[in-house]
Structures are given as C-alpha cells and as structure tokens.
Amino acid sequence: MSEYLCIKGGRIIDPANDRDEVADLYVKGDKIVGALSESELKEASIVDATGKIVCPGFVDLHTHLREPGDTSKETIGSGTMAAAAGGFTTVVCMPNTKPPADNAGTIQLILDAIERTAVINVLPTGCLTAEREGEKLAPIGSLEKAGVVAVTDGGHCIQNTEIMRRAVEYATMFDLPIFDHCEDASLTDGCVMHEGEWSLKLGLRGMPRAAEDIMVARNAILAEQTGARMHLQHIASASALDVIRWSQKRIEEKQGARLTAEVTPHHLAFTHEHLAGYDTHFKVVPPLRTEDDRQALINGLLDGTIECIATAHAPHTEIQKDHEFDYAPFGMNGLETAFSVCYDVLVKAGHASLNQLIGWMTYKPAAIINRPKGTLSEGSSADFTLIDLEATWEVTEEGFRSLSHNSPWLGQTLPAQVTRTYYRGELVYSLS
Amino acid sequence: MTKPTPWKRKHLTGIEHLEPGELETIFETAESFKATLTRSNKKLPSLRGSTIVNLFMEPSTRTRIAFEIAATRLSADVITVSGNASSLVKGESLRDTAMNIQALNADMIIIRHSAAGSAKYLSEIIDIPVVNAGDGAHEHPTQALLDAFTMREHLGKDLRGKKVTILGDILFSRVARSNIWALTKLGVDLTLAGPSTLVPKEFEKFGVKVSHKLKPALADADAVMLLRIQHERQTSTHFPSLGEYTSMFGLNQLRAGYLKPDAIIMHPGPINRGVELDSKLADSGRSVILEQVTNGIAIRMAVLYLCGSYKDQKKGKA
C-alpha cells in the first residue's frame, strides 16, 4: 500500500481548526499533511470522497471493552472494530474488567491485548480504589506510570466522601483527570429505572434525580477545593446540569480547576417512556429520564455546560438481557450507532449544526484527556472518518461488529452512515 | 354504564390497556358463573380437556387456591408449580421454564412473579394464553376485577361518581395499580391515601386524588379499600414504626365514622389485624372482605373462560 493518500473532493469538517470546506485531504505515512508533492501525488492512493463528509476520527471517553474477564460480551478486538465502524479512532476503556484494572500488571495485560488486537487507538483508565470497592486507594501513581489516561471506578461511584476526597487529591498530583459515575447508591438500592410517572405505572423501583444530583454536587465541590480535573460521566438529570453550571462558574473564577461533563446518545434520544414495554434494551444507569431532562441535556451541550458526547458503550450478551426487567443488567451498545443517533436527534432535529456535533465527538473529548486527537491539523495522526449524510441504514444484529447486540435501535432505520474509517493512515473500516 | 364488548384477547396481563366494555364483559361473564357456585353440581364443561399450569413464584394462598378452584369448576386439569419447587431454584430462566411448560402441552399459564413485567414478558415468549396473577408491584388484574365486581354488587352496577378511597401502601402495591386502572375506567371518584412516602403525589397523573389526611380522604366515601402494610420491607425506610402507622393511618372505629353510613370496607388480604385495619371492623357487617374472596372464584372463572376461548376463536369454533 502506498505511503501517500489523497482523500479527494470531500467536505472537510475540522471544528478544532474551524475548517469547513470542500477540498482534498492529504496523508503521508501516518500523518496528515498540508500537501503532497507532484511525485508523491503520482504514487498516492486516491479515494473519491465526493459528496462525503471528511472529519477527524471520533473520540469516545467512555467505552466498556470487557477485556479481560468478560470476553463473551466484547473483546478489545471486537470492540475496536465496532468503534471503527462507528467512525471512532480513539476510545478510552473503563477499568471495570475482571479483574479490575487497579494495578500496573493488569494495565500491562490490557496494553498487550491492545497491541495485539486493537484496530484503533485504545487508551486505558485505571481504578481510583482497590477492587473498585471504594474503600482503599488504588496505586494511582503506578497506574499513571503504566499508561492510564484517567482514573475512575468505572460504573461504581465511591460512596465514602473521605475516600473520594483523598483519591481526588492523590490523583491530582499526577495531573490525571478523574472520571466519575455520579450516583448515591443509598438512593438507588434495588432501583431499575427513573423515578417518576412511568416507574409508578410499571411498578418498577425508581431512581430519583437526587441520587445523581447529590454526587454531582459532591464531586463539583471536591473539584473546586482540590483543583482536580474532574469529569462527570453520562449526565442525565436537568437539575444536575444546574449544579454543574453553578460549580463551573465558581471554578472558572478560581482558575486552575476544570469541571467537565459528558452526555450519551441514548440520553439524548430516549426518555423513561421508552420503558413502557419492559424492553431491557432500555435499562441503563443513570436511567433514561423525562422529556424535560432530555431537552435540558441538549441545551447543556449547546451552552457548553456539557463538553462532549460519550457512548457509554456497555455490551451484554443476549442471554443476560433476555430476562425479567429486574434481573437484566444495565447498559446498551453504543459505538456503532452513536453518530447516526446524534445526527438524528441533534442536527436533523434542528438543535445543532453538523460542525458542533463533530466538535462534541472529536477535539472536545480529546482535550479532557489532554491528547492531541480529534483534529485534522497538519502533523497530527491521520485518524479520520468519511460519512455519507444522505445514506440511511437499518440496524441489524448481523451488521454489528460488536460481539453483543443489546441495542434499542435494532430494526430501526437511522440516517447518515460512516462509510470509511482511517487510523494512522490505514483503512480500518470500509462499508463495502 | 358502558356496554359489554366482545372479548378478543389471548392474555390478561393487566387492566391498564383494557377497554371499559371489556371490563363489563368480564363482569357479565362472572355474574353468570357466580350463579353456579351454589349449585350442588358446581362443575361446568367449558375447559374440559384443557391443562392449566399455575406457576406461582411467590407465596400465595387465596389467589392460588381461587385460580385452582376456578379452573377446576370449568373442568380443566390444574397443575400448580411453586417457585421453590421448580427448576428456577436450580438457575433455570423463566424463559426456559415457560418453554418447557408449553412443550408439555399446557393450554394456559397463570403466573405470579416478584418481577414487574414478568407476565408480559412471558406472553411474548409462548403461544398459549398467559394470565397475570400478580407481577411485582405492577398489576394484579383479577384482584382489581373482583374488587370492582364486589363494589358493583353493593354500590350498584354503575359505579360512575361513587367515591372510593384506597388507603395504605400504594407505592409497592400491584393491587392499587390495577384498581386505579379499573376504577377510573368505570368512572369512580378515586382517592389514594396514606403517608407521603407510600403515596407519591405523582399518582395524580393517573386521574386520581392523593391525600395524606384521612378525614377528607374518607369523608363520604362509598367504599374504602385497605392495603396491607408490608412491614417486612418498609419499616426502616418508609414509615417510623407499625405503631406510628396505626396511630396515623390505621382504619379504626372513629375514622370509619367519616365514611358514608352504608359504606363498605374492603381488603385484598392478607390483613395485618390491628395495623391497617381494626380487627372488629374487619369482622363487622360493613366488611365485604370474605365476599371479595368468594367473588374471586367467579371472576377468575370468567377470565379463564374468556382467555381459554381465544384458542377456540382461532380455530373458528367460537
């Protein structure tokens, strides 16, 4: 394969550089370049991108790849192929594996698997506490040395505030961002959906917004007081957004600290009403909340309170999801449908521009982990994606690269389709 | 009063989606079956040759026995499987258990399960009719049907404008939810009463009133339905103690005086005597609690008959 690549005639959208134009994109080796010489152009592989969007590969800060330990649900190989099919070229994987990624040895195991099987860039996170039990600090310094990009107990919120305070203080010493799933477990014990009209109707135990809001407030206060880089995962509550806004203003005044938040495609697309049929595909945590919450999340993106979109891709086997609602695990697949869903609910619905959407999925998440990703700047890694906005596609089990198919979009037709994904100049996904 | 409409349903998983006319159909059918309950030969041939499996994953006395008697009166063969005696304790899924029951040529399944939505889940898996005998805190349709049936006998067939109060643990009650759907469809002026922790205001979205004060909640009510306080589950979080509950929300002689003089007292059972309901009131002439139990047979005969006839409709026999 040629060392040179010319993506010809596409609409290049690179929000990091405020670029939106029909032009050619050039690649030399594994890097984006401004131009190729005439002799290089003669050798270059030419890809006709007429009518397509050419944008930086997406960056996901919240992916569960399940390896090691749960490889019937997903592996680093299958998960990254799914990511590539969704247009992602960088994913940050959560540490709630079996065993959990709470020591340098496990991180090395994950890095080895990434080296062997990943088709895109995978950045691991390490645990904040040993065994993710929230009781004793994990060796955060060793985890940082081993290569983690953030620390989090991934899916488990530390309930003891003293432990959380110390974990945050300690992690800050290594300039590692802290990711947290905000949930006061004493308010959600035995709960399976959002508390409200639909939980009353369905007779399912409901999680109140307060369970999320309280921990968002706690984490925001700790971020302010410690100067930590705190990132709040999959925010779902309108009132939590109000707390974040209030905190961000205070933190901004103090300088130094940074409080960021993410939202998932499914919280932007669905509400608790979608649980009416007890379909376990919609069972997620934090739960799908009300239409008012959904609208608030969209507004949170638009006004910058929410920094980015993350998938919270949480694969589960069909057998695990095929149960009475109470007994099914939380989580849904998200990598392969993320862009199309967000394009549908944000851009097609008239809330946001395509450039804004691409920004929320590229350089903005990359900035949270302080990595030079999600951009088509000259000299950056040639990670990019081609998208056909006019295409529609049906979500089918057979079409998934992920080992799991726990998607509520199965059988639905979605707009806009990723047609090609390149990582470091190599084609890692092609629709045909 | 709404006119009865033809029964076209295969399953009865809840009341929420039934039309008022379908409720009337069940009531009319139950009336005709009730007339047979006191005959010397109580058996009818309607479901002769059918096998009904009573799959009870939770403890139950009256509902389980009422379904067994109802099925037997219709000449069906009944097999009852309880949770702790089934392969579910060995880790078999509900799906596989149900598929096996179907493969054993059962004609209908009656299910009682602790998980909300389980009856609907089952109805989507198997081809034979499923009757919900209580799924978690979701629905208990035959209980609501027998409750409304009992009210019709005492308050008149047209329940529109009648004031009914349900008092107690509404939040965790499948009986309350099914009664909300049934009674509002029948035009009842329904009030839910009890402590704020067990009766969230959001229930008002379902067209009912919510009250945390007993006097206005009970004033001039035609019927009051007490619900069991599930103290094994809620004492530590939803109210301070049984004593406090009884002193604030128990139905005693004084509070029963707020009701209409001829108002009826109802309870789906089992009763915590002296907790949610004064023991003497439970045994008084105003109590229709045992009538509810008896009516449970007629209602369940009606439901089994109607859902059982689905098979015949499909074959063009009916």
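Just so it is clear, glycine is given a Cβ too, placed from its N, Cα and C backbone atoms.
According to TrEMBL, the protein carries these features:
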BINDING   B:ARG62, B:THR63, B:ARG112, B:HIS140, B:GLN143, B:GLY269, B:PRO270  carbamoyl phosphate binding site
BINDING   B:LYS90, B:ARG174, B:ARG228  L-aspartate binding site
DOMAIN    B:10-153  domain 'Aspartate/ornithine carbamoyltransferase carbamoyl-P binding'
DOMAIN    B:161-306  domain 'Aspartate/ornithine carbamoyltransferase Asp/Orn-binding'
For the binding-site residues B:ARG62, B:LYS90, B:HIS140, B:ARG174, B:ARG228, the one whose C-beta sees the most other C-beta atoms within 10 angstroms: B:HIS140
Integer Cα-Cα distance in angstrom, B:PRO270 (carbamoyl phosphate binding site) to B:ARG228 (L-aspartate binding site): 7
Mean of pLDDT values spanning the domain 'Aspartate/ornithine carbamoyltransferase Asp/Orn-binding' (B:161-306): 94
Candidate with sparsest Cβ neighbourhood (10 Å radius) among B:THR63, B:GLN143, the listed binding-site residues: B:THR63
Euclidean distance between Cα atoms of B:ARG174 (L-aspartate binding site) and B:THR63 (carbamoyl phosphate binding site), Å: 13
Residue from B:ARG62, B:GLN143, B:GLY269 whose C-alpha is spatially nearest that of B:ARG228 (L-aspartate binding site), among the binding-site residues: B:GLY269
Candidates from B:ARG112, B:ARG174, B:GLY269, B:PRO270 close to chain A, where binding-site residues are judged by Cβ under 8 Å: B:ARG174
Composition by DSSP (helix, strand, coil) of residues within the domain 'Aspartate/ornithine carbamoyltransferase carbamoyl-P binding' (B:10-153): 65 helix, 26 strand, 53 coil
Residue among binding-site residues B:ARG62, B:ARG112, B:HIS140, B:GLN143 with Cα closest to the Cα of B:ARG174 (L-aspartate binding site): B:HIS140
Residue counts (helix, strand, coil, in that order) that DSSP gives for the domain 'Aspartate/ornithine carbamoyltransferase Asp/Orn-binding' (B:161-306): 61 helix, 24 strand, 61 coil
